[in-house]
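Quick notes on the structure that follows.
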């Protein structure tokens with residue numbers, strides 16, 4: 001009975017088969033030398049199977065979404081493994097943090113025009129689908145204002161998915177070789193010994209950070225709370241260790257499988273129409289991110305790739321995993337994504353009235 005409680009009403013056979021399908025996709029992606037194979041491979045395998053209506057023991061691929069919540073705080077503690085000169089680095093990040101306030105309304109405007117003029121979606125759907133962050137908030141606000149929830153959900157979901165797919169591939173193309181896990185990159189701090197005391201400190205940061213972050217309403221609390229406490233622990237010299245690399249690989253796999261299963265139930269015709277629109281949207285926002293990266297990277301003291309990733313309109317968790325796998329500053333990327341979400345949700349609430357009046 002206790003085990004059933006943690007299956008969240010799902011059948012063990014379906015869960016195991018879904019993860020097996022995701023693992024097969026990850027192994028194929030690894031064999032092909034794709035970037036981030038554990039996440040991209042499982043996402044593609046489960047996503048394609050779900051979109052095509054494949055049934056596993058009579059059901060669509062399904063895994064408990066809450067299981068990934070156990071792993072994400074571990075990623076937060078890994079992000080918090082900041083270098084000794086972190087405070088000095090932080091002081092140089094203000095140009096790109098301020099640029100978020102330019103990027104968000106511009107990306108939102110471009111997306112709205114795309115979905116409204118070329119996608120022929122009605123104003124509420126176009127407006128909330130174009131929000132470059134705050135997936136849950138966009139869905140809630142869109143529902144309250146009468147958006148087409150099926151199209152809104154798939155456009156917002158594809159914003160996340162295409163970012164996850166295209167960013168590592170873009171970086172691999174630029175670098176001329178595979179990037180991420182398949183390139184053998186290790187996390188900063190992974191060489192430090194991980195003793196019992198280190199495990200206890202990181203576990204405390206993960207658990208207290210998660211529940212404390214939720215209690216005070218932090219954006220992306222499951223990631224940002226543990227990241228903050230871990231950052232303090234590292235800055236105070238309490239530990240120099242980070243979680244082992246296999247925990248990040250496992251998290252990538254679970255996140256990829258979980259995202260892939262969400263394609264179930266959508267009509268293929270609507271998926272294809274949304275994919276074309278979302279591809280253009282992500283291309284526009286990544287181009288904008290690249291321009292900002294080329295201009296601001298020297299001032300921020302970060303490589304262009306880190307700045308591009310900081311502005312990419314993907315999810316906080318997924319972009320943090322990409323940053324870790326590409327050996328970029330995950331705390332830099334995460335900070336910008338948290339600011340992006342706050343700015344997006346704030347402007348999204350107040351900007352709708354202007355759009356509604358102009359559309360009437």
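From the backbone N, Cα and C atoms, a Cβ is placed for every residue, glycine too.
Transmembrane segment is the annotation TrEMBL gives to one range among 125-146, 279-300, and that range is 279-300. Sequence-distant neighbours of the transmembrane segment (306-324) (same chain, 6+ residues past either end, Cβ-Cβ under 8 Å): 36, 39, 72, 75, 78-79, 96, 99-100, 103, 107, 132-133, 135, 159-160, 163-164, 167-168, 180, 187, 219-220, 222-224, 248, 251-252, 255, 259, 282, 285-286, 288-290, 292-293, 296-297, 300, 330, 332-338, 340-341.
Sequence-distant contacts of the transmembrane segment (246-267) (same chain, six or more residues past either end, CB-CB distance under 8 Å): 18-19, 21-23, 25-26, 36, 38-51, 53, 60-63, 65, 67-68, 71-72, 74-75, 78, 150, 154, 157, 160-161, 164, 181, 187, 317-318, 321, 324-325. When each of 12-32, 218-240, 279-300 is checked for Cβ pairs under 8 Å to the transmembrane segment (93-112), 279-300 comes out on top.
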